[in-house]
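> Dumping what TrEMBL says about this protein:
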DOMAIN    A:30-322  domain 'Aminotransferase class V'
MOD_RES   A:194  N6-(pyridoxal phosphate)lysine
BINDING   A:331  substrate binding site
């Protein structure tokens with residue numbers, strides 16, 4: 001039996017696009033050098049300000065995937081030869097290292113065991129040993145391992161140093177109610193195809209007043225200063241990803257109508273429910289301090305790739321491992337999902353486990369999930 | 001009276017998106033690390049090969065606007081200190097200069113009067129005076145002036161030199177049946193929101209075997225070597241603009257179903273018809289060697305901005321001038337337009353002219369247009 005309606009996508013990016021957004025994406029194009037676009041763009045920027053809870057206009061959007069905004073962070077806030085500390089505990093931490101080296105920064109790698117969060121004290125020690133450090137580069141949610149790094153704790157350390165805290169929040173912003181200004185983050189990067197529930201191709205880069213004062217002009221396409229000047233006036237230096245910006249406005253409306261505190265509560269609840277569900281199935285959660293954006297599972301006696309294949313037969317796609325975790329874990333994204341979506345992936349997981357000879361009591365993981373979330377639902 | 005159905009867009013990018021493509025853009029997302037995406041992507045690449053009439057897999061797509069692919073050309077095929085000649089006869093020629101300087105090339109500017117094509121002999125002379133030149137950077141269709149530069153003639157010169165011919169064909173590819181391999185072009189850049197009738201956010205970069213042998217590793221996000229390796233296998237180094245790639249497949253099907261020779265004939269016919277129409281209205285065409293992608297008009301006794309405003313009242317958007325031509329010209333794009341679309345813009349132009357006190361015989365420009373195209377229609 002094949003799924004007749006196409007796949008359900010529980011991968012940590014891209015994620016399923018709500019109908020409200022798809023309707024916007026399918027509309028006829030509008031021109032970007034028009035009052036109509038400017039109005040929509042400025043409204044989008046106002047909504048984004050609400051999302052990051054900042055008064056300042058310190059952010060730009062790029063027509064690129066999230067990696068483009070990561071590159072922009074390295075190019076715009078650091079000069080050749082600047083020393084930075086990169087927290088490396090997964091594939092995306094490695095990307096910071098690659099980017100830093102490509103643009104000739106001196107990168108001090110702080111290795112963290114894959115699956116564990118960085119110890120803020122280790123960062124503090126390294127900063128003391130390297131008082132000339134200009135930046136600390138880290139992920140909020142390291143998607144490749146499912147770990148959450150404690151950004152707030154890291155900001156408490158970097159704010160009293162000369163180092164900018166640069167956070168890849170590609171799978172965290174729009175899930176967590178991140179308050180970069182209040183917390184003391186300096187640069188925050190995100191992408192459209194994660195919690196913003198859009199197709200890939202739009203990235204966001206927020207920065208603090210302190211970071212702003214250190215802007216360089218090394219970049220061209222990814223030049224923050226040029227973009228900022230134009231974007232605060234409702235325009236862009238280069239042709240923007242028009243349809244994705246109009247889609248972002250809709251996505252921000254969706255997120256803000258729910259309210260970022262409630263969005264985070266929803267994801268916390270899903271995360272808690274999924275943990276209980278996995279426990280019931282006898283499957284262990286891989287990360288020590290899990291991100292609430294996804295559930296990352298390391299099965300012991302069963303192949304995660306075989307499991308993924310079985311689940312796909314019923315039309316449900318979950319992600320495998322990346323880098324050195326390839327074949328060793330599977331990952332179920334919560335992004336763009338409602339409370340009531342998760343029983344789909346759990347039911348399919350149960351069938352897949354059973355088919356692979358694993359002992360499963362049908363309905364048990366769904367039951368555990370419902371049990372865990374029901375108390376926290378907060379009906380109004 | 002306000003247009004009740006929204007604007008008609010006759011601007012040289014973005015252009016109107018055909019329903020067939022909008023339907024694809026509004027679909028639910030698919031994941032990019034899947035056989036389904038790989039199959040669609042490889043099919044898209046096969047179609048693109050047909051479009052540029054090349055056997056080799058020498059091209060990559062980026063999630064960026066066209067400027068991103070221009071930057072990629074400068075970063076991937078030249079080293080710091082390399083000397084290049086940039087043809088500067090409009091705003092996009094200036095962009096080559098800016099990009100070259102930003103990435104520390106020695107840029108020799110070949111100034112061309114705005115509205116005129118570059119004289120191939122001037123390029124030949126400059127190449128002889130500068131035998132250490134590594135590249136010639138030029139636009140095919142310089143959209144800011146409506147000029148077409150004779151790429152074929154330029155390639156005849158550069159192919160016997162050590163200089164790569166780097167062509168910004170952002171508003172030319174998909175209009176002209178450009179054959180970069182046969183002509184001897186080395187690098188060819190394009191973007192999604194022009195003749196490909198997509199939203200902005202996807203760029204294309206084709207290159208010759210000669211250019212390929214000179215690939216550097218200066219870029220990260222725009223790294224051609226890395227992308228090429230992945231893309232020939234149906235994947236990408238970073239998350240691709242999934243929806244735009246699926247849209248591009250549809251766009252290429254549309255273009256190739258018509259056939260690129262016939263596409264070019266259609267645009268030639270439109271261009272010829274529009275020239276006659278303007279002549280009839282007593283309006284002069286600005287460029288000496290007009291690109292068939294758009295009609296660029298320089299009205300003498302009438303404000304082009306007032307005209308554009310009047311036309312907008314009836315729901316038809318045409319473009320104004322850019323850079324030093326701001327307020328002095330207006331531009332009507334042909335891209336994405338069929339033969340039968342142009343009477344819309346001509347009718348509205350006639351009304352606008354009349355309202356501004358200009359002497360117009362209603363229907364005269366439409367008549368001249370129809371007269372000019374009817375012989376060339378080639379019914380089958």
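The backbone N, Cα and C atoms fix where each Cβ goes, glycine too.
Structural setting of the listed features?
In the predicted model, the domain 'Aminotransferase class V' (A:30-322) shows an average pLDDT of 97.
A sphere of 10 angstroms centred on the C-beta of residue A:194 (N6-(pyridoxal phosphate)lysine) encloses 28 other C-beta atoms. Secondary structure at residue A:194 (N6-(pyridoxal phosphate)lysine), taken from DSSP and collapsed to helix, strand or coil, is coil.
Close to residue A:331 (substrate binding site) in the fold, though at least 6 residues off in sequence, lie A:11, A:12, A:143, A:146, A:294, A:295, A:296, A:297, A:318, A:319, A:320, A:321, each with a CB less than 8 Å from its CB.
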